[in-house]
Amino acid sequence: MRKRGLLWFSSLLVLAGCIGLAVYGGAIAGVLEVLTWRLMQPPAPPDPIPPALADIVWVSLSMIAVVAGMVVSAIAVTLRSRECAISGVGLLLYVIACVVLHVAAFVGIEAVYTARGTFAFMALSTEPPRVEFVEAAVLASRGGLATAGMILVVAPVLMLLAAALGFRALPDLPSARRSLFIYLGPVLIGTVLCVLAGSLGMNARDLQAMLEGAEFAPNPATLADRMAAIFNSAFLLWGGLAGLGILQVLAGLLAYALDSRRETPVPPSEEKD
């Protein structure tokens, strides 16, 4: 029951994070609005801070939820249990979920790459940024990130199906031992991605604080550093989601191999020995 409970909990945690990314994921593209800050309205009254900066905190928390859920799921799949052994159906569902994660990650990476490319072009340009150009780039990237988030929601649904239908009981067979090194990989990868997600939120908060406390235009170099850090973190995080999908499949394959070994009948000659 402990293993199945962890599988349900991790899948629901991933689902909550994916819903958050579907709702707030487009805020990454909204960072580009900083380029036209103070150009959108006259100087008085004070220009509003781009709302996307506040929403990036939710993107950060959603990413942490997805990463934590995927890590717990990968560990739970490989836990020793006589009552909950992975089946071929469960392994197939995890493989399909991995494919979905890769598709969503590809769409998300492409959207972040578009936003980051626009930022690099505007940063190197000698002309002031045009509002129309920035708005078009924000809309294009935001649409891609929203699409990636909606695709991503399918993955935890498949994980929930795997938790419900993809495991079977083997009560009469001893469970194979698991090495601690099996759990070390997911924990290390998850820790790195959680640090990246945390830095994403911190850079957004720093950027927001710089704009809120500025009577005049902040230092362009400092703004550029914060914006570049946000785009780079988002780029790596979306790529990390694809890696977590592979990790989940590898955990499923390992668990399937160990559980299949438990079902292999022992030859009579070996029993006598």
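Positions of Cβ are set from backbone N, Cα and C atoms, glycine also.
Feature list (source: TrEMBL):
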- 12-36: transmembrane segment (TRANSMEM)
- 56-79: transmembrane segment (TRANSMEM)
- 91-113: transmembrane segment (TRANSMEM)
- 145-168: transmembrane segment (TRANSMEM)
- 180-202: transmembrane segment (TRANSMEM)
- 235-258: transmembrane segment (TRANSMEM)
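Counting only same-chain residues 6+ beyond the ends of the transmembrane segment (56-79), those with a CB under 8 A from a CB of the stretch are 2-3, 6-7, 9-21, 23-25, 27-28, 31, 86, 94, 152, 156, 159, 178, 182-183, 186-187, 189-190, 193-194, 196-198, 200-201, 204-205, 230, 234, 237, 240-241, 244-245, 247-248, 250-252, 254-255, 258.
Comparing 12-36, 91-113, 145-168, 235-258 for CB pairs under 8 angstroms to the transmembrane segment (180-202), the maximum falls on 235-258.
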